[in-house]
Amino acid sequence: MFDRVQVRVPAGTLKDIQRLVPKPLLRCLGCVAVLLNPGCWQYGVMLNRFAAVSEVKQRLQGQGFPHPTSPTQPSSIPHPGPSPPSLQCFIHPSPVRYPSPPHRQGQLKPYYLMNAASLLPVLALGVEEGDRVLDLCSAPGGKALAILQTADPALLCCNEMDPHRRDWLAKTLESFIPQSLSSTVTVSNQDGRIFGQSEAGMYDKVREENGHVFWLFSGPGGEQHGAVRLRERARLPTLQTQLLRSALAAVRPGGVAVYSTCTLSRSENQEVVEAVLNTCPGVELQDLEEELALPLQEHFTFTPLGHTPSLGHTPSLGLLVVPQQGQTWGPMFLSRIKRIY
């Protein structure tokens, strides 16, 4: 069990948060209070199908996590649709902290701790046996691991341009994936913005994510550091739009790209998706409401995003999971776009 983390919120932090978050969210949800209180955060325990997990299941049950077939809470997140039942992520309605898996020489780690909302982009991707998959911004590797729990792709290319994050990604994969998959799971270091040119139409599924934490003032430097981060974030929507365009160019006709972020910022979420839909011919927004939001609404707090008049009668631009007490998963925005031609 981890100790409860205490954080000091510098003066001015809430003002900056309020500037970034849409006002309806601040009025209706206690998300800011959750984000600023790590002591209430929950963690999902995703089992690794490549390792022995029977002892882990017994320990989870001993801490109040039931068998995955049990319908009672706390529970295991189900995988909607006909996909294999190998993806198992145990969650608890309380902030029960499970220890990180120890490193044992010659053994794969049996589970991975994660924010359970991180599974939603993987479920939206819908990887099937034999797919060629690109994980465009892959570090630290949790979603790549989740992809491998759902199916056996012909190729999973995990791309990470930053050298330090790429090392982190490689270590994660080595700790959880058997050597027999070394030819299936590869690590690359390309600039994600050029994938659409260098490997155009080469993939069935592409996942593109920009995981920028929302709380800006937790690092050294306090408010001064936060002010620099805010200026940097002003440039992010342009970069994210370029990456999503590249992702769609790397997908074959008939394939899909899933875009996701760990932010509540509309400029990095809906506006990026809208910009790509308005400027990229031959792509189509797909609705995730019935596929994900409805089946999983007891586990996640989805907030409606509405429709965009400029795009006509189309599905919502995406799903947004907002953390609340007892369901502290997120924030997580996700949207799926299909390439038609």
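In case you wondered, yes, glycine gets a Cβ from its N, Cα and C as well.
As given in TrEMBL:
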ACT_SITE  C262  active site, nucleophile
BINDING   C137, S138, A139, P140, G141, G142, K143, E160, D191  S-adenosyl-L-methionine binding site
DOMAIN    32-340  domain 'SAM-dependent MTase RsmB/NOP-type'
REGION    61-84  region 'Disordered'
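Within the same chain, the residues at least 6 positions away from K143 (S-adenosyl-L-methionine binding site) whose Cβ sits under 8 Å from its Cβ are S118, L119, P121, V122, D135, R207, E209, listed in sequence order.
For the pair formed by C137 (S-adenosyl-L-methionine binding site) and C262 (active site, nucleophile), distance between Cα atoms is given as 13 Å, rounded to the nearest Å. Once the Cα atoms of C137, S138, A139, P140, G141, G142, K143, E160, D191, the listed binders of S-adenosyl-L-methionine, are compared pairwise, the greatest separation found is 20 Å. Within the model, the domain 'SAM-dependent MTase RsmB/NOP-type' (32-340) shows a mean pLDDT value of 87, rounded to a whole number.
Here the CA atom of A139 (S-adenosyl-L-methionine binding site) lies 14 Å from the CA atom of C262 (active site, nucleophile). Counting every protein chain shown, the number of other Cβ atoms lying within 10 Å of the Cβ of C137 (S-adenosyl-L-methionine binding site) is 22. Annotation for G141 (S-adenosyl-L-methionine binding site): spatial neighbours C158, W168, L169, T172, L173, F176, criterion Cβ-Cβ under 8 Å with sequence separation of six or more.
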